[in-house]
Amino acid sequence: MASTPKANVPKIDVSPLFGDNMEEKMKVARAIDAASRDTGFFYAVNHGVDVKRLSNKTREFHFSITDEEKWDLAIRAYNKEHQDQIRAGYYLSIPEKKAVESFCYLNPNFKPDHPLIQSKTPTHEVNVWPDEKKHPGFREFAEQYYWDVFGLSSALLRGYALALGKEEDFFSRHFKKEDALSSVVLIRYPYLNPIPPAAIKTAEDGTKLSFEWHEDVSLITVLYQSDVANLQVEMPQGYLDIEADDNAYLVNCGSYMAHITNNYYPAPIHRVKWVNEERQSLPFFVNLGFNDTVQPWDPSKEDGKTDQRPISYGDYLQNGLVSLINKNGQT
């Protein structure tokens, strides 16, 4: 059987985005622009985050947490006693049906006294954590990682803004530590033996899948993953394989970026192939604040006019997450 063609996913040195040299930053911006209008994906290298420590700490957590602890942390979709946990918490595997499992946490600044927590604003939750004695240092590491990847994402948003001909802070002014709705998801795909048939989905083209086609619900997505190729992106000629790189972050636009740019930077349709190997997928979904709204425009037009209507990020996120679950099922 012939192998699937590889997608063009360039490696972009994003380190200039942390500096002051505008000429170098514009080189990065042009590379981001080209990638965003091709396959929609690029690898960010020289990003400044210790991804090996991230991988090791996540593996240690996944292999030490017990079933009882997972249940105690489970989101409402799995544990009905946890009515306030819609996003943050543990997403369980289901024997004979779903092998993947994950732990999701939100902005560490969402404490009980946060105004948006106090007002019970949708999509805002206080994080839940495993017992510190059983998982010493995990919470401290996870919260620090949130801010590390937040900093990288802020730099990437500066690059996207420049790529679109805007001021550097065009996106980052809406991406604030006090109220960003971004999430870290620590996903584990286990090796299975035996393999329950229900764990494998089959696409219309016959490809075996772990997760069906979708667009990301985000402004952009910043993903670290194991060195196990599993993602495919849809292109006019069909689905193409995305090569893995466990030293870099895979970056792509979400559907909010597609909406506000009139699809100038589309959200690439992608899917997860079935690969029976132990691996990690650790996305950071870059989300703005609940009340933030970016006015849509069309970068391809001189006057920028578009018929796209503005939508607040909170409304977008709520509707997008529900639609994704309705389409592909609870993750």
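Glycine residues also receive a Cβ, built from the backbone N, Cα and C atoms like all the rest.
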Listed co-binder of Fe(2+) (same site as H214, D216, source Swiss-Prot) among H174, H259, H270: H270
Nearest-integer angstrom distance between the alpha carbons (Cα) of D216 (Fe(2+) binding site) and S183 (isopenicillin N binding site): 13
Counts of helix, strand and coil residues, the domain 'Fe2OG dioxygenase' (176-288), according to DSSP: 9 helix, 48 strand, 56 coil
Residue from Y91, S183, R279, S281 whose C-alpha is spatially nearest that of H214 (Fe(2+) binding site), among the binding-site residues: S281
Integer Cα-Cα distance in angstrom, R87 (isopenicillin N binding site) to H270 (Fe(2+) binding site): 22
Those residues of the chain, 6+ apart, with a Cβ under 8 Å from that of Y189 (isopenicillin N binding site): A99, V100, S210, N230, V275, E277, E278, R279, Q280, S281
